[in-house]
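**Q** So that we are looking at the same thing, I have put the structure below in structure tokens.
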Amino acid sequence: MAKKKIAISCGDIQGVGLELILKSHKEVSALCEPLYLTDGELLERANQLLHNAYETKVLNALAIDAPLPLLNSSTIGKVSAQSGAYSFESFKKACELADSKEVDGICTLPINKLAWQQAQIPFVGHTDFLKQRYKDHQIIMMLGCSKLFVGLFSDHVPLGAVSQLIQVGALVKFLLAFQKSTQAKIVQVCGFNPHAGEEGLFGEEDERILKAIQKSNQTLGFECFLGPLPADSAFAPNKRKITPFYVSMSHDVGLAPLKALYFDESINVSLNAPILRTSTDHGTAFDIAYQNKANNKSYLNAIKYLA
């Protein structure tokens, strides 16, 4: 069987993205046919910063229609509008290739959200762009690994805004889309308030979550969704034995336990999208960029998910 062709966007070049591309190419090319969306000149510069430890001529790289950012010992690890613009154009090109079926999927390396903002990119990050590009699809951010996957009902929104987002109709739509995308038989749903609201004692949000769970199970015809569970104990070992699939109302409630348990191996998956997209479950790691310290396990798992 022919290997799948995967477009890999470079992420912010001042971080660990190019380092991961170079150090992982041999393993990645054994899994798929990688197409690196970055100019060859930048790969050469990155290799020089890594003391020419890697072979760059064997990499299939596609030049990006954007000004080349500076990349040297004085720019690495720093936020740059030019690097932000370049990482966005790399990502956008990946989506275009996936839309036209020129690649089978895309893997995105980490971007810096402040760099995107400085470059006046009107999106918070990758997932926000996908939600705008594919408005007819309910794009769901799911992070994790085979041992634990967490779907986020809300992702990059202020915590104070989450309460108003928790409405029965919207949550039912989300839960059904999550189940359809994952084919999970059991999904544990975390509550929003302490003790999952204590039957209405602490806020009304958990009552709405319960109604959404009941309606979703009724639609499916079986008891798929369990909860709302008190979030402080939802990820205890005995709970994780029930199912690897969870839903969290907010970003940190779901991702704090995930990253405490499986930080190095977790990935980010965009569910319910018309294209296949995964990403590493870590940021640009500016503090260790170009020091040969970047762990590539998350990156390789993101590729394996697509391949």
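Every residue, even glycine, has its Cβ placed from backbone N, Cα and C.
Feature table excerpt (Swiss-Prot):
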type    : residues                               : note
BINDING : HIS126, THR127, LYS259, ASN268, ARG277 : substrate binding site
BINDING : HIS156, HIS195, HIS251                 : divalent metal cation binding site
**Q** Tell me, in order along the sequence, which binding-site residues from HIS126, LYS259, ARG277 have their CA within 10 Å of HIS156 (divalent metal cation binding site).
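**A** Neighbours among binding-site residues: none.
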**Q** Calculate the distance in Å between the alpha carbons (Cα) of HIS126 (substrate binding site) and HIS195 (divalent metal cation binding site), and round it to a whole number.
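**A** Checking the Cα atoms of HIS126 (substrate binding site) and HIS195 (divalent metal cation binding site) gives a distance of 33 Å.
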**Q** So among THR127, ASN268, ARG277, all listed as binding-site residues, which is physically nearest to HIS195 (divalent metal cation binding site)? Use the C-alpha atoms.
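**A** Looking at Cα distances from HIS195 (divalent metal cation binding site), the smallest one goes to ASN268.
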**Q** Hey, what's the Cβ neighbour count for THR127 (substrate binding site) at 10 Å?
**A** 21
**Q** In this structure, which of the binding-site residues HIS126, HIS156, LYS259, ARG277 has the fewest other Cβ atoms within 10 Å of its Cβ?
**A** HIS156
**Q** On a simple 10 Å Cβ count over all chains shown, which one of the binding-site residues HIS195, HIS251 is most densely packed?
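**A** The residue with the most neighbouring Cβ atoms within 10 Å is HIS251.
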**Q** Using Cβ atoms only, which residues of the same chain lie under 8 Å from ASN268 (substrate binding site) while being at least 6 residues apart in sequence?
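**A** ASN268 (substrate binding site) has long-range Cβ partners MET141, MET142, LEU143, THR278, SER279, THR280, ASP281, ALA302.
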**Q** Roughly how many Å separate the Cα of LYS259 (substrate binding site) from that of HIS251 (divalent metal cation binding site), to the nearest whole number?
**A** 12
